[in-house]
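Down below is the structure, laid out as structure tokens.
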């Protein structure tokens, strides 16, 4: 009995595998069938309209799918600050307040300084805010020990903190230390009218096209005259490379007085989006400005740097230490260009034509799932072709169709929604 059941299961499995194997080699081809159903027709034309509109408006017009694109251009940036300011009896020029005086894609304008004059190498009291710097006796200070947040190496002595009554550990460093002897200067408010000159040129290697952000002139003299008097304006002067610091701060939605106090990092973004099929004058840069440092994080907000001026005084090397707060401008260039090419045009066109076939698939699914309640459509849509002719007069090379449907079927009645 068990062997009989096993034999039947084995035979059934073999027949199933055989049918699957033979069915794998079947060929399917679509058949034209006209269904006169208003609802289905509206859905079909609506889906067609959506697909065609998507490809015509978005793919071809908006995304320019007919173009070959270049998204990694080569770019160079040159910057220079212009302007002067008065502080007391001093006249400050770019050498005093710009780092570097002529830069690349980064340039800094000093807006406020904290200066420590006449520092010399020697021994003096450590700043009391440094960890474990406060002491009451020499044994509290380990000789040779240093702190990463301190100013130097400890000598092992505990001394009075300058003219105060408390004591801190003595260190070897530049004396006096900055926190004790620093002098804070007023901010350079005139800097709001300083001008930064930004020259940018860009190359699209794939197309061999070069563009620049400076408007061409008939001769060098006219160019020099134009650059000396123009100020950037998005509508009136889009090719002028001169930007006021006040304009940059305003566009970045920053208060210039706050920047004078704490400093800050502002990104100047130059974006080139060029359609090389159009006139070259249409390919011009667009500028945007945004603050890059974190304003809400007090530890990481603002911008400052330290540098020193060294000199000899009474035969001893001395220095003036300067802690400078300012605006650092980071010039960041993005660019892309497109030009007509037959290859992406053909690919996009074929994709569009192929996608129109989605309309038929969607409507077939709707018809067979929601409309074909009596299976009238499904009986007319699907035919089976076999290799076993019933009429001996038909040559064996021809195929027999069990449901002849090579003509157009017109189903307009008998299948209500």
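Glycine is no exception: its Cβ is also placed from the backbone N, Cα and C atoms.
The following features are taken from TrEMBL:
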{"type": "TRANSMEM", "residues": "42-60", "note": "transmembrane segment"}
{"type": "DISULFID", "residues": "124-175", "note": "disulfide bond"}
{"type": "DISULFID", "residues": "135-158", "note": "disulfide bond"}
{"type": "DISULFID", "residues": "141-169", "note": "disulfide bond"}
{"type": "CARBOHYD", "residues": "193", "note": "N-linked glycosylation site"}
{"type": "BINDING", "residues": "195, 323", "note": "ATP binding site"}
{"type": "DISULFID", "residues": "230-240", "note": "disulfide bond"}
{"type": "DISULFID", "residues": "274-283", "note": "disulfide bond"}
{"type": "TRANSMEM", "residues": "346-371", "note": "transmembrane segment"}
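Take the Cα of residue 323 (ATP binding site) and measure to each of the disulfide-bonded residues 169, 175, 240, 283: the nearest one is 175.
Here the Cα atom of residue 169 (disulfide bond) is found 47 Å from that of residue 195 (ATP binding site). Nearest by CA distance to residue 141 (disulfide bond), out of the recorded positions 135, 193, 274, is 135. Cα separation, residue 158 (disulfide bond) to residue 124 (disulfide bond), rounded: 10 Å. Taking Cα separation as the measure, residue 193 (N-linked glycosylation site) is nearest to 240 of the disulfide-bonded residues 135, 175, 240, 274. Note: the Cα of residue 175 (disulfide bond) and the Cα of residue 135 (disulfide bond) are spaced 19 Å from each other. Highest local Cβ density among the disulfide-bonded residues 175, 274, 283 belongs to 274, counted as other Cβ atoms within 10 Å over all protein chains shown. Fewest Cβ neighbours within 10 Å among the recorded positions 193, 195: that distinction goes to 193. In the structure shown, across all protein chains, 169 is the one of the disulfide-bonded residues 141, 158, 169 with the greatest number of other Cβ atoms within 10 Å. Annotation for residue 124 (disulfide bond): same-chain Cβ neighbours under 8 Å, separated by at least 6 residues, are 162, 170, 171, 173, 175, 176, 177.
Here residue 240 (disulfide bond) is compared against the recorded positions 135, 195, 274, 283, and the shortest C-alpha distance is to 195. In this structure the C-alpha atoms belonging to residue 195 (ATP binding site) and residue 230 (disulfide bond) are separated by 11 Å. Residue 230 (disulfide bond) sits 20 Å from residue 283 (disulfide bond), counting Cα to Cα.
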